[in-house]
Amino acid sequence: MSVHSQAQRVTVPQLVSFKGERKIAALTAYIAPIARLLDEAVDMLLVGDSTAMVGYALPDTLSITVETMAAHAAAVVRATEHACVIVDMPFGSYQQSPAQAFANAASLLAASGVSGVKLEGGQPLAETTRFLVERGIPVLAHVGLMPQYVNTMGGFKAQGMTDAAARRILEDARAHAQAGAFGVVLEGISEPLGRAITAALPVPTIGIGASPACDGQILVTEDILGLSGDRIPKFAQRFADAGQVIRQAARDYAQSVREETFPTLAHCFGVRSGR
Ligand SMILES: Nc1nc(=O)c2c([nH]1)NC[C@@H]1CN(c3ccc(C(=O)N[C@@H](CCC(=O)O)C(=O)O)cc3)CN21
Ligand SMILES: CC(C)C(=O)C(=O)O
Ligand SMILES: [Mg+2]
């Protein structure tokens, strides 16, 4: 037990134990101020490679590096104390071999203190999942719409719409679960398929554009806050308009500067008073 009195962070085995007991609420986080605000509300925070698109205005997730993901993951871990923090392995950091995946996953864990990694891939990547899990690195698998496959998919398109494709995705999820994945993210698939995979797996499914029946749900935080522009994916829902709050604050500040109502002497150093 810790000598500190604060409650312990949610662990990977605890997330697994939630299956069939209570839904898992997860969100993405890339930076400390947002992570700090989300921490108490959710069970899991994912430092997603979607930060390439959301945080760096890149067209896809392919060019973010292990070093950049490690820096974001470390910031999120430092800013939180409750949620289980998981980091996405970036494109090119794990597909070459299980050994490459282990080296990069280990450096992500060492650099940041996250509790596990997520990787995208079907049955061919299940061997990598097993290699990491057997060496002490919890793995969350990600199947269905895999954004790192944008070039082979020809865009961010829902997957598994034919019976054959749906069967393949079910087998992808099953292969990762059998290889020891602690959970499987199901993105952008048909609702019946999301339901069926959830019923078939012994570990939690976390859906994003999958099914209400999934054991948990995840969304990109900027999408629920109104911070990712006018267009959000069909599966997302805006729960607040922080964009409007921030826009108005910037306008109010700029107006105060121009009208010279900010700053006042109360904001200044070395102000001589009483003479
Ligand atoms: N802001 C944001 N939210 C996300 O959920 C997200 C990212 N960025 N970046 C990384 C990936 C990419 N994702 C995406 C991006 C776009 C669609 C999209 O536009 N889908 C279309 C339907 C696609 C089709 O089936 O043709 C949609 O209408 O939602 C889906 C997932 C999910 N992830
Ligand atoms: C949306 C989640 C599942 C993700 O992979 C990301 O944010 O990168
Ligand atoms: Mg991702």
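Glycine is no exception: its Cβ is also placed from the backbone N, Cα and C atoms.
Computed from a predicted structure; not experimentally measured.
If you check TrEMBL, you get these features:
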BINDING   Asp49, Asp88, Glu120  Mg(2+) binding site
BINDING   Asp49, Ser50, Asp88, Lys118  3-methyl-2-oxobutanoate binding site
ACT_SITE  Glu187  active site, proton acceptor
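Listed in sequence order, the recorded positions from Ser50, Lys118, Glu187 having a Cα within 10 Å of the Cα of Asp88 (Mg(2+) binding site) are Ser50, Lys118. Report note: the 3-methyl-2-oxobutanoate site is defined by Asp49, Ser50, Asp88, Lys118, and the residues of the same chain whose CB lies within 8 Å of the CB centroid of those residues, excluding them, are Thr28, Leu46, Val47, Gly48, Thr51, Thr61, Met69, Val87, Met89, Pro90, Glu120, His142, Pro147. Within the set of recorded positions Asp49, Lys118, Glu120, Glu187, Asp49 have a CB atom less than 6 Å from some atom of ligand 3. Within the set of binding-site residues Ser50, Asp88, Glu120, Ser50, Asp88 have a CB atom less than 6 Å from some atom of ligand 2. Calculated from their C-alpha atoms, the gap between Ser50 (3-methyl-2-oxobutanoate binding site) and Glu120 (Mg(2+) binding site) amounts to 13 Å. Only Ser50, in sequence order, out of the binding-site residues Asp49, Ser50, Asp88, Lys118, Glu120 have a CB under 6 Å from ligand 1. In the structure as shown, the Cβ atom of Asp49 (Mg(2+) binding site) sits within 10 Å of 29 other Cβ atoms. The C-beta environment of the residue listed as 'active site, proton acceptor', restricted to residues of the same chain at least 6 apart in sequence and closer than 8 Å, consists of His142, Val143, Gly144, Leu145, Met146, Pro147, Gly207, Ile208, Gly209, Ala210.
Annotation: Asp88 carries the greatest number of neighbouring Cβ atoms among the binding-site residues Asp88, Glu120 [cut-off 10 Å, Cβ to Cβ]. According to DSSP, Ser50 (3-methyl-2-oxobutanoate binding site) sits in a coil region rather than a helix or strand.
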